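Taken straight from Swiss-Prot:
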type	residues	note
TRANSMEM	1-21	transmembrane segment
TRANSMEM	57-79	transmembrane segment
TRANSMEM	83-105	transmembrane segment
TRANSMEM	134-154	transmembrane segment
TRANSMEM	167-187	transmembrane segment
TRANSMEM	200-220	transmembrane segment
TRANSMEM	227-247	transmembrane segment
TRANSMEM	295-315	transmembrane segment
TRANSMEM	444-464	transmembrane segment
TRANSMEM	477-497	transmembrane segment
TRANSMEM	498-518	transmembrane segment
Amino acid sequence: MLGGAVWFPYVLLGVGLFFTIYLKFPQIRYFKHACQVVSGKFDKKDTEGDTTHFQALATALSGTVGTGNIGGVALAISIGGPAALFWMWMTAFFGMTTKFVEVTLSHKYREKTEDGTMSGGPMYYMDKRLNMKWLAILFAVATVISSFGTGSLPQINNIAQGMEATFGFAPMATGAVLSILLALVILGGIKRIAAITSRVVPLMAAIYIIGALAVIFYNAENIGPSFSAVFMDAFSGSAAAGGFLGASFAYAFNRGVNRGLFSNEAGQGSAPIAHASAKADEPVSEGIVSILEPFIDTIIICTLTGLVILSSGVWNEKFQTHFERSAMSIIKGDYTEENQTQREDLYKYLNGQKSNIETFTGNIEVVNGEALSTGFTVLHSRSIAEDVRFGITEKHKYTGVVEVIDGMPTDDSISLVGKSLVHSAELTTKAFKRGYFGDSGQYIVSIGLLLFAFSTAIAWSYYGDRAMIYLLGHRSVMPYRVFYVAAFFWASFADTTLVWKLAAVAIVVMTLPNLIGIMLLRKEMKESVDDYWVKFKKDNEK
């Protein structure tokens with residue numbers, strides 16, 4: 001998969017590092033000014049645009065603060081260990097500069113549409129400034145695909161599953177209610193979207209932050225060791241701990257950067273579409289506002305999630321769970337965590353290094369869910385699974401022969417359950433139960449997941465309809481919005497795996513052209529920044 005390619009994180013960080021040095025660390029030098037601009041201190045009357053600086057920031061944040069902040073951080077830590085959090089920070093730090101550049105250029109080349117609203121984004125500077133219409137079309141098509149694959153379908157799918165697991169609500173019922181609410185919001189256009197997100201984003205952030213702090217302070221004695229693990233393992237990889245079998249530097253780096261990108265979308269070119277709607281005479285001023293976005297999304301919210309998971313100790317603890325085929329492998333031989341030689345071999349195997357481990361191929365005799373055969377070990381979520389049982393359903397235990405080829409049962413209807421490490425939102429939920437709120441902490445995750453995911457769907461609908469305007473004109477917007485809502489409802493009870501995989505490729509197809517574009521316009525960007533400060537100082541001397 002392109003998004004998981006070894007070179008992709010290096011390209012992403014490399015561009016951010018280049019602009020950080022080239023523009024002399026704007027994420028540090030302009031941070032205070034960004035807070036002043038977003039507060040409205042320098043606003044002028046009759047400035048062209050659809051939203052205020054704060055509303056544009058809130059809309060962009062509603063697109064970035066999503067399931068990645070809850071499940072994505074947990075997934076990164078479960079795969080890459082504590083070190084993955086460090087590389088998420090690096091992605092955010094350099095991403096603040098990348099975001100500054102892409103937003104400034106997108107705002108600079110925005111256009112007014114037939115209905116009087118603004119439309120901007122990387123496709124406009126690719127077309128109008130670089131004269132690369134084919135690249136602009138490619139970016140816009142990828143944006144439309146991503147609006148479904150990352151912004152809509154997996155969001156409602158996660159919401160529906162979470163509501164069913166926590167409250168017992170039927171997925172279709174959840175989908176129906178939220179689809180109606182989604183339609184009421186997005187059919188009103190950017191002004192209604194901005195009005196809603198500017199209220200929802202602060203509320204959902206406050207709820208989640210309070211819940212996270214309740215866990216972190218409850219486990220205050222583990223805060224120091226958690227930070228120590230993050231920094232000590234950053235350049236060496238995460239050592240084995242508890243049920244966690246360890247992760248190499250490459251795994252920690254790759255997962256941290258990828259999850260960081262998925263969370264704050266720096267370099268992807270999506271958030272600039274929202275910022276292009278802002279009322280601003282100077283594109284650079286809106287670019288400066290966008291510096292706050294990765295900071296809030298990743299440095300604050302993702303860090304809180306990471307500390308909740310690490311300080312509570314659940315990240316390397318085994319729980320009873322259903323095994324996902326994508327995170328499972330059956331290997332030849334009987335392995336235990338107590339055997340140091342076997343642990344070292346498992347570390348190599350799980351990190352793609354040369355090892356003596358072979359995947360299991362053969363038949364496993366099962367009676368009443370329990371395996372009678374020996375000579376194999378089940379791995380799940382980078383841990384040795386314990387108390388493994390085979391079944392057709394949760395209540396129906398399997399009896400018969402399970403055929404396994406290359407480490408995987410050939411019959412998809414046979415499920416495996418047992419004790420292993422867990423990941424994604426399930427891991428975050430376990431962690432939130434280890435605080436002052438006890439088991440009630442799971443409701444904070446469910447409510448957070450609901451608000452985060454729903455707001456992401458709202459923001460991405462706007463990104464998609466601006467891309468449709470560029471591709472097919474204003475008349476395509478309403479059919480797109482109707483189809484977006486219909487697909488949103490369908491995904492509440494359907495399998496969206498294929499769309500998710502397609503979107504993972506689409507994200508890269510968005511990101512690479514955008515990174516190429518901003519690199520080609522680096523000199524123009526520097527000149528724009530210099531001109532902005534000359535004019536700003538002159539205006540404020542009056």
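Heads up, the Cβ atoms here are built off N, Cα and C, so glycines get one too.
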Contact between the transmembrane segment (200-220) and the transmembrane segment (444-464) (3 or more Cβ pairs under 8 Å, separation 6+):
yes
Per the definition of 3+ C-beta pairs under 8 A with sequence separation of 6 or more, do the transmembrane segment (444-464) and the transmembrane segment (83-105) touch?
no
Give the one range among 57-79, 167-187, 295-315, 477-497 whose Cβ atoms make the most pairs under 8 Å with those of the transmembrane segment (134-154).
477-497
Can you say which of 167-187, 295-315, 477-497 has the most Cβ pairs under 8 Å with the transmembrane segment (57-79)?
295-315
Beyond the flanks of the transmembrane segment (83-105) by 6 or more, those residues with Cβ under 8 Å of it:
9, 12-13, 15-17, 19-20, 23, 25-27, 30, 73, 76-77, 122, 125, 129, 229-231, 233-234, 236-238, 247, 249, 252-253, 255-257, 259-261, 263-264, 266-267, 269, 271-272, 275-276, 283-284, 286-291, 293-295, 297-299, 302-303, 306, 310, 514-515, 517-518, 521-522, 524-525, 528-529
